[in-house]
Amino acid sequence: MTPVQQTYPAVPAAPAGVPAARGRALTKVYGRGDTRVTALDAVDVEFRRGEFTAIMGPSGSGKSTLMHCMAGLDSLTSGQAWIGDAELSALDDTGLTRLRRDRVGFVFQAFNLLPTLTALENITLPMDIAGRAPDRAWLDEVVDAVGLRPRLGHRPTELSGGQQQRVACARALAGRPEVVFADEPTGNLDSRSGGSVLSFLRSSVREMGQTVVMVTHDPVAAAYADRVLFLADGRIVDEMTSPTAERVLDRMKAFDSAGRVVEVG
Amino acid sequence: MRRATLRSLLAHKLRLALSAVAIVLGVAFVAGTMIFTDTLDRTFTALFQSTASDVGVTAEAGFDAGVDGTAGTRPVPAELAQRIRGVEGVAAAEGYVQAEGVYLLTADGQVLDTGGAPGIGASWITDPELSLGELTEGRAPERAGEVALDSGSAAEAGYTVGDRVTLLTPGPRVDATVVGVFTFGEDGGLAGASLTAFDLATAQDLTGAGDGYTGIQVLAADDVTDAELRDRVAAVVGDGYDVQTAQQQADEQSAALEEGLSFITVLLTAFAVIALFVGSFIILNTFSMLVAQRSRELALLRALGASRGQVTRSVLVEAAVLGVVGATLGLAGGFGIATGLRALFGTFGLTLDGDLVLSAGTVVWSYAVGVVVTLLAAWVPARRAARTPPVAAMREDHVAVERSLRRRTVVGAVLAAGAAVTLVGSAVAEDGGNAPALVGVGALALVLAAVALSPVAARPFARALGALLPRLAGTAGRLARDNAQRNPRRTAATASALMVGLTLVTGFGVLGASANASVDALVDDALRADYVVSTAVGQPFTPEVADRLRGLDEVAAVLQERFTQVQLDGQAVFAAAVDAATLDRGLTLEYLSGSSDGLAGRGVLVDETTAEARGWEVGDTVEAVSAGGQRAQLTVGGVYAANQAVGSVVVSLETDAALGGPALDRYVHVVLAEGTDAAAGRAAIESVVESYPVVSLKDRDEFAGEQKGQVDQVLLLINALLVLSVVIAVLGIVNTLAMSVLERTREIGLLRAVGMTRRQLRRTVRLEAVLISVYGSVLGLGLGLVLGVSLTRALAEQGITELVVPGGRLVGFLVLGALIGVVAAAWPARRAARMQVLDAIATA
């Protein structure tokens with residue numbers, strides 16, 4: 001029984017010029033016949049290195065599906081997705097699993113941590129699963145950046161919601177992934193805790209050169225990003241760089257009325 | 001509310017199936033035991049009630065011997081039948097003769113196998129109204145050289161009317177012609193025994209009854225009740241005879257037989273209790289998990305205005321439905337178990353004819369047990385669910401509050417102390433007779449203590465043993481260890497099932513190994529002769545064998561050994577009757593005073609324990625009374641150190657005969673003449689033994705092997721039953737793990753999302769299962785050792801003198817325990833690995 005199985009390099013060698021992740025003609029269809037729903041409709045998307053992208057859109061717009069398909073959590077009906085230079089549809093389940101383990105970081109809305117493990121154990125979990133020793137210096141840097149050093153030995157139940165999400169962020173970054181996917185990371189937090197989580201994600205991009213993709217419905221959260229993609233009915237309908245909360249909110253309102261017009265019409 | 005409950009039941013078919021399995025198995029055990037016991041009962045009751053007479057007369061026993069076949073009985077004089085016929089209200093009275101030791105030979109000269117059941121020879125009762133059997137072919141035997149066979153034996157041996165047959169009897173061999181075939185009792189069943197009928201005079205000759213009878217059957221006239229007739233007959237025959245109505249006889253015989261078979265019933269009931277005990281753990285576990293999983297759903301109901309009572313009731317209704325379904329399936333499973341048991345006992349020669357008996361009691365008990373146990377097991381989690389504040393359960397990160405283990409620790413400690421006192425008490429008890437019962441009580445207390453304490457010990461154990469796991473299996477190992485520690489109650493309850501099973505397997509393993517070692521010790525220490533001639537099951541056989549062996553040139557000495565029950569100074573003992581002249585050549589007795597010469601005349605040798613207990617010394621006179629009522633004054637001629645071969649009292653064959661003991665040997669020890677070639681000697685003895693297929697020739701090793709074979713056979717039977725409890729244990733582990741996997745769906749999703757492969761996930765589940773099963777095995781082995789050692793010590797007086805712990809086998813059990821974990825984990829592990837990551841994450 002040797003737990004150490006390492007197929008992918010610990011720190012992915014990122015060929016210069018290749019985006020951290022991209023998708024071409026991403027299509028996802030659920031059900032068939034009358035219940036057929038097109039969640040993603042031939043979406044082309046690119047996430048550049050060192051960029052913080054927010055994905056916004058009303059419920060059912062396909063923003064979560066886009067993230068899941070890009071992250072290798074869900075399969076595409078057609079189209080292709082890449083993490084770095086790895087094409088996801090070419091990978092089997094084990095290959096996808098290892099890709100997620102070594103090259104992708106995740107922050108979910110809730111239930112990010114294993115209750116039996118301490119904060120530190122949760123942070124190093126992907127590396128432990130890989131049977132790989134963490135990069136100490138980098139780990140220290142990440143832990144200090146999230147400001148959790150005094151609480152590393154605590155279990156999730158002993159941490160506040162904001163602290164739990166910061167532990168999740170630290171875990172996502174600890175393996176130096178090619179890209180971090182965050183699914184409504186502040187959805188369950190009050191504005192202050194949410195703010196500290198978002199600040200951390202932004203600084204990880206600015207100071208550590210990370211690539212972060214965040215799904216959110218909160219204009220304030222989206223304002224932390226470098227770029228906002230707007231999805232509606234499975235298509236990217238708009239894009240905004242250097243967003244502010246007001247501009248995002250206005251755009252979303254336009255959506256709502258447009259949506260209503262469509263509905264009425 | 002009811003609709004919500006039923007919807008929830010149907011929505012969770014898988015959970016339903018898992019919990020139902022536990023109930024089904026528990027009930028199946030109970031129902032199977034009851035069905036089998038009822039069937040046994042029916043078979044024997046039918047057998048005895050087929051006695052056609054209304055009143056029976058037999059000679060009164062000198063004392064209640066308790067064990068059949070060891071006591072000679074006085075014949076009833078023929079003139080008594082004449083006197084009874086003269087009693088008013090007697091329609092008919094006829095004497096009959098009956099004896100054991102009559103075996104039918106098959107066409108190829110082998111004894112027809114009765115599988116240990118007796119071969120009975122009897123006189124044919126000519127009055128058809130009094131006759132035991134009913135002729136289906138031919139006619140009744142009327143003169144010497146004619147016999148009638150019971151239909152079962154005739155069919156098995158392939159004989160029919162007109163065939164020539166040979167019979168072994170306590171006296172000479174008999175060649176005869178089959179003139180009739182008859183059925184016996186309701187179903188023609190004799191529970192495996194064979195019955196051969198002769199004419200009265202032949203039967204009297206063969207059994208040495210002279211012109212007397214074994215008993216007299218009396219038929220009542222129409223105008224008199226059995227009880228009245230019994231009183232009238234009793235007045236005529238006077239003292240010294242038992243006069244009983246048919247009902248009394250049947251009751252007495254059934255009772256005696258039931259007592260003889262009581263160990264089977266006790267054993268089966270014990271297994272049923274264990275099965276239920278173990279089963280209720282599983283049910284409790286299942287419901288705890290069901291409720292924990294549904295805590296949010298239940299909290300929603302509470303928030304919407306359902307009262308605590310309603311929530312409790314909804315869980316209980318679910319349990320009741322499950323209990324009824326489980327009990328119904330369990331009842332069907334019980335038929336399967338009873339069928340299996342019947343087949344198993346059939347191979348041991350106890351043939352049960354007719355259909356299995358399903359009594360109302362079995363049905364009522366099955367449902368009562370299934371539903372009540374399920375309700376009780378569901379009650380605790382139901383109350384807990386109702387008490388959960390709605391808000392707490394609705395919260396995202398709701399974690400069930402862990403209750404203190406203090407009460408368990410206290411209860412467990414008290415039970416353990418009680419168990420220790422009882423077990424130590426059994427070891428030092430003055431009266432050895434109570435020791436096994438004390439061990440039983442102590443063992444039960446010990447198991448209960450272990451059940452109470454095992455959650456307390458589960459964490460330290462998982463931590464200690466689990467310390468190896470991260471090193472062996474990395475993160476999978478660590479997660480497995482952490483998961484096993486997470487809910488010590490659940491881990492312990494799951495392990496308990498295996499613990500109970502392994503406690504018994506280990507305990508009986510120690511007992512069996514000790515019994516076998518005791519056989520070896522007995523053969524080494526007590527047997528001196530070169531060969532032993534006996535039947536496989538210690539049945540009596542004709543002394544003709546010993547006579548003919550004595551005639552061989554190759555044989556220097558022959559020692560006949562018989563067993564009898566006799567009352568010495570008012571207390572019944574088992575006595576060995578032996579050839580005084582050859583005792584010291586065939587057996588080794590260590591004399592503390594006196595010698596084998598002390599058997600001369602009406603001498604008796606007693607062992608040290610008996611001599612001390614009764615205060616007897618060489619030269620003392622004791623009063624002996626036989627079961628048949630004969631009396632004799634015996635002189636103590638020697639005292640010997642405890643010896644398993646002969647027991648506590650030895651008399652000479654002559655004394656035994658004077659006390660009315662039947663002239664049938666149990667063992668014949670043969671010593672070869674000096675200088676005789678072993679092969680030639682054996683061939684010579686074999687040539688004699690050959691013509692008595694009931695008996696076989698064994699050298700010392702073969703004799704030991706045969707004795708050990710019997711021990712092993714009993715162990716096999718016990719272990720076969722225990723396998724079923726292990727099956728329940730395996731299902732318990734499967735159940736717990738499957739539930740845990742369901743419960744941890746989101747964790748599994750998270751693990752898979754952050755990069756755990758399916759293989760690693762499977763390994764995590766598997767290791768957790770192994771940790772649980774090894775925990776149960778270790779506890780079981782520990783308790784089993786205590787049980788086995790105590791039991792062995794307690795049975796020292798019954799001949800288990802050695803104490804052996806079968807180390808290799810115990811290690812094997814431990815490995816088996818670990819394997820059980822792997823097997824049990826297979827399905828839950830696959831389920832866990834197959835979960836779709838997204839579904840798992842999305843599960844709220």
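Indices start at 1 and increase along the chain as displayed.
Keep in mind that glycine also has a Cβ here, set from the backbone N, Cα and C atoms.
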TrEMBL annotation (transmembrane segment) - matching range among B:571-592, B:769-790: B:769-790
Correct range for transmembrane segment (source TrEMBL, candidates B:16-38, B:315-337): B:315-337
Selection from B:357-380, B:435-458, B:491-513, the stretch that has most Cβ pairs under 8 A to the transmembrane segment (B:769-790): B:491-513
Average pLDDT across the domain 'MacB-like periplasmic core' (B:491-687), rounded to a whole number: 85
Chain residues outside the transmembrane segment (B:315-337) and at least six past its termini with a C-beta under 8 angstroms from it: 2, 5-6, 8-9, 16, 19-20, 22-36, 287, 290-291, 298, 356, 358, 362-363, 366-367, 369-375, 377-379, 381-382, 385, 724
Tally of DSSP helical, extended and coil residues in the domain 'ABC3 transporter permease C-terminal' (B:720-836): 101 helix, 0 strand, 16 coil
